[in-house]
Each structure stands twice: as structure tokens, then as C-alpha cells.
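Everything below concerns the one structure shown next.
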């Protein structure tokens, strides 16, 4: 327990908060180039083939990012935009690729929650 004099001389240090997405370097999004696009399996008890990409960012980091939605057009050398946000059942995946920007196409035939998947509003069917 420090004395009051010790606290005056040298005040307590605030505990630094560790960021959950260090590769973004305090930016909301970052641009990057896909170096590898592949599928991986989730932790127990889930079972699937999750689509992910290894992305080299403009900040110099190389991270693994999740590709949300059904179907995608990404391949090696595609330029993508990533945002923060982890995937709970994929260890080490702390970023999401933003659909509908740069080389990433939006999800086809999506009717609900379109803004999250970069899909334009569908034209109404003619009668």
C-alpha cells in the first residue's frame, strides 16, 4: 500500500485497454489484397466449411478475414475492404470482409438485410 506522499510523487498508472482489432490501427476499415482464399472448419460443436481469406493490409499486417453471405467472387489478388468483428467459432478470425465494395460483389438474390451484404434493392416485378 503506497503512502500519500508516494502517490503524490508518482501517480497510479491507468490500465491500458487492449484493442480487439489491432490491424485496423484505429481506423473503421482497411483496404487489403487477398493472398489466399480458402475454407476452414469451425470449433466443436459446430460443423461447416466457412469461407475465409488471408488478406495483406495497407497497414502492413496480414490477417485472416471472414467472407460473409452465400457465395462469393473472391480469388487471390482481389482487393477487399475489411472491418473489425470476430467469428466466434473460428479461432484467429477477427475481421470481416465488407461485401459490395472494391472487388467484392454483393450477395445475389438477397431480399432481407441487404445493406449488410452489399446488395442493391431489387427491381419490382412487372404485372
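Cβ atoms here come from the backbone N, Cα and C positions, even for glycine.
Here is what Swiss-Prot records for this protein:
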COMPBIAS  113-127  compositional bias 'Basic residues'
MOD_RES   89  3-methylthioaspartic acid
REGION    102-127  region 'Disordered'
Same-chain residues at least 6 beyond the ends of the compositional bias 'Basic residues' (113-127) with a Cβ under 8 Å from one of its Cβ atoms are 68-69, 98-101, 104-107
Across the compositional bias 'Basic residues' (113-127), DSSP yields 4 helix, 0 strand, 11 coil
Can you tell me the three-state DSSP label for residue 89 (3-methylthioaspartic acid)? coil
Please report the number of other Cβ atoms within 10 Å of the Cβ of residue 89 (3-methylthioaspartic acid). 15
